Each structure stands twice: as C-alpha cells, then as structure tokens.
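Residues or ranges marked as substrate binding site in TrEMBL: Gly44, Gly45, Arg66, Asn156. Residues or ranges marked as domain 'Aspartate/glutamate/uridylate kinase' by TrEMBL: 7-233. As annotated by TrEMBL, site 'Transition state stabilizer' applies to Lys10, Lys215.
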Amino acid sequence: MTEATPLVVKLGGRLLQEPKAIAELLAVCQQIKANRPLLLVHGGGAQVESWLHTFGFVTEKVDGQRVSPPEQMPVIAGALAGAVNAELVALADQAGLAPVGLTLGAGGSCRFECTPALGAVAKALPGQPALLQSLLQQHFTPVLSSIGHYDGALLNVNADLAAAALCQLLQGDLLLLTDVPGILQDDGRVMTKLSAAEAKVLVAEGVIKGGMKVKLDAALDTAQALQRPIVVAGWQQPELLLPLLAGQAVGTRIYP
Ligand SMILES: Nc1ncnc2c1ncn2[C@@H]1O[C@H](COP(=O)(O)OP(=O)(O)O)[C@@H](O)[C@H]1O
Ligand SMILES: CC(=O)N[C@@H](CCC(=O)OP(=O)(O)O)C(=O)O
C-alpha cells in the first residue's frame, strides 16, 4: 500500500462490544495515522438488532442486508449514527485520533441508490470528496456511520458497502475488519488470495454467503474500480495489522 494514500478501515459492530479489542485496535490506528490519512467506517448490526428488539420490532436480513421499514429508521439510526458512532468517537478521541463523527451524507460525501424491496435500504456511491479531504488534510480522523439520507428521509446502508464507496471516493486503500481472520474455505482455512473468478465459484458453491458475501461484493467492486487489492482480515489480532499494511500475508487479499 502506497505511503500517504488514505486508508479506509471498516470495523464490524461486534468489535465495538469488546472493550479490550477496540482499545488495542485504536492504538494501532494511532500508529497508522502517523504515516497516512485514516478514515474509520463502522457497522453495528448487533447493536441495531438489540435496539430493535428492545423497541418491540421484529427484524430480518435478506442476503446479508437488513430489511428496514421506514418506521424502524429512527431506531436503526439511533443505534448506528447515535450510540455506536458517539461511543467510537469517544474511544478514538481517547486514543489521540482527533475523530470527527459523521453520517454518509455529510458534505454530499456519498450519493445513494435506493433498494425499495428492502425498505429504507440503499447502496452508497461516491459523491463529493471536499469535506473528507479537508478533514484529512487537517489531520482529523473522520468516523462514519453507515446512515445516509435522500429526499429528507434516513437510509440504512450496509457498512461494508459504505466503506467501499468512501474508499473509491478518496482513491484509498480499504481494510475490512471482521470477526473471522479472513475469508474461509469450507475446511475452515483462511484463503490468503482470492480473484473475482475464484470468488464466483465459491459463492455458487455456497462457501461464501450472508454478511461475507456482501463484504466480498464491496471488496470486488472497489478492487475493480481502483485496480488494487482489498483486504478482509480479523480484528482479533491487531498486532498483525502493521505487518499486513507492510504487505505480509494476513487475512484475504481480494484481486479484481
Ligand atoms: N466463507 C466464509 N468465510 C468467513 N465467514 C463467512 C463465510 N461465509 C459466511 N461467513 C459469515 O460472515 C460473517 C462476517 O460477516 P458479518 O457478520 O456481516 O460481519 P461484520 O459484522 O464484521 O460486517 C462471519 O462471521 C461468518 O459467519
Ligand atoms: C442494510 C444493512 O444491512 N445495514 C446494516 C448496517 C450496519 C452494519 O452493516 O453492521 P455490521 O458491519 O456490524 O454488520 C444493519 O442494519 O445491520
């Protein structure tokens, strides 16, 4: 990965429920930020699930994406753009990252392509880079939730797809951190490399599915758009992130 190219790191929601792991990861982020601009994008699917149940809603996912009726959006946004974003900003501040909490629509950073079959769900597309570039130039760390908006209404975007759009916007590198050490074969081993053609076969065989299929789509789309590999890796071993960024075989590198 090139020096001074912005790095977009996506954190899955379950990481934010592990205080020790998030503290260790943010300490590594501080080291990364000493060398290159850093932007964090977070999920929070587990937190959304818990909030929706507390408010008496039933919720389901279709192909890894949450069906989001508009009447559930205040709760979904309350969890993602409210509690989870504010908590991550607080922890990132403590770690010295100078964070700025934002949603995807801030400064027109993303545009949105709605998926009406799933309710208020949308895919994010790259929009205007000026706000994020200006924050990065001033050494802030933008911290984005995956909440968007269109026509005055809130939208729920899968956080991997949100990170992909932001990475394409900034022509950056993308690191998708999740609760498994990479994309796994059916025997449980991590695949160190994966091409678009190989991925197609593994999806057809049902080896890659659900949330990992969405992550794979986000990675392939970005790898194709920027003609550079995208990494899916685990957050459980933050000590491997600096070697990963130095080019060592950690997690799964996805090639266009
Ligand atoms: N081939 C695969 N390799 C690894 N994980 C997979 C695979 N297929 C499906 N998964 C599932 O995808 C999950 C990661 O996606 P997701 O739950 O959306 O993570 P996150 O919340 O970090 O975005 C894994 O925990 C696993 O249950
Ligand atoms: C449309 C859609 O599926 N939105 C996701 C947004 C959060 C997310 O992606 O969280 P993780 O990264 O922790 O899975 C959701 O509601 O769960």
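Just so it is clear, glycine is given a Cβ too, placed from its N, Cα and C backbone atoms.
What TrEMBL annotates, mapped onto the structure for a quick look.
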residue: Lys10; record: site 'Transition state stabilizer'; Cβ within 10 Å: 27
residue: Gly44; record: substrate binding site; Cβ within 10 Å: 30
residue: Gly45; record: substrate binding site; Cβ within 10 Å: 22
residue: Arg66; record: substrate binding site; Cβ within 10 Å: 20
residue: Asn156; record: substrate binding site; Cβ within 10 Å: 25
residue: Lys215; record: site 'Transition state stabilizer'; Cβ within 10 Å: 27
Original post:
Taking only the recorded positions Lys10, Gly45, Asn156, Lys215, which have a CB closer than 6 angstroms to any atom that belongs to ligand 2?
Top reply: Gly45, Asn156
Original post:
Could you state the CA-to-CA distance between Lys10 (site 'Transition state stabilizer') and Asn156 (substrate binding site) to the nearest Å?
Top reply: 16
Original post:
Once the DSSP letters are reduced so that anything not helix or strand counts as coil, what is Gly44 (substrate binding site)?
Top reply: coil
Original post:
Out of Lys10, Gly44, Arg66, Asn156, which recorded positions lie by ligand 1, with a C-beta less than 6 Å from some atom of it?
Top reply: none
**OP:** Over all pairs in Gly44, Gly45, Arg66, Asn156, the listed substrate binding residues, work out the largest Cα-Cα distance in Å.
**Re:** 12
**OP:** Fill in the CA-CA distance, Gly45 (substrate binding site) to Lys215 (site 'Transition state stabilizer'), as an integer in Å.
**Re:** 14
Original post:
Neighbourhood of the substrate site (Gly44, Gly45, Arg66, Asn156): other residues with Cβ within 8 Å of the Cβ centroid, in order?
Top reply: Gly13, Gly43, Val48, Glu49, Ser68, Ile76, Ala79, Leu80, Ser146, Asn158, Ala159
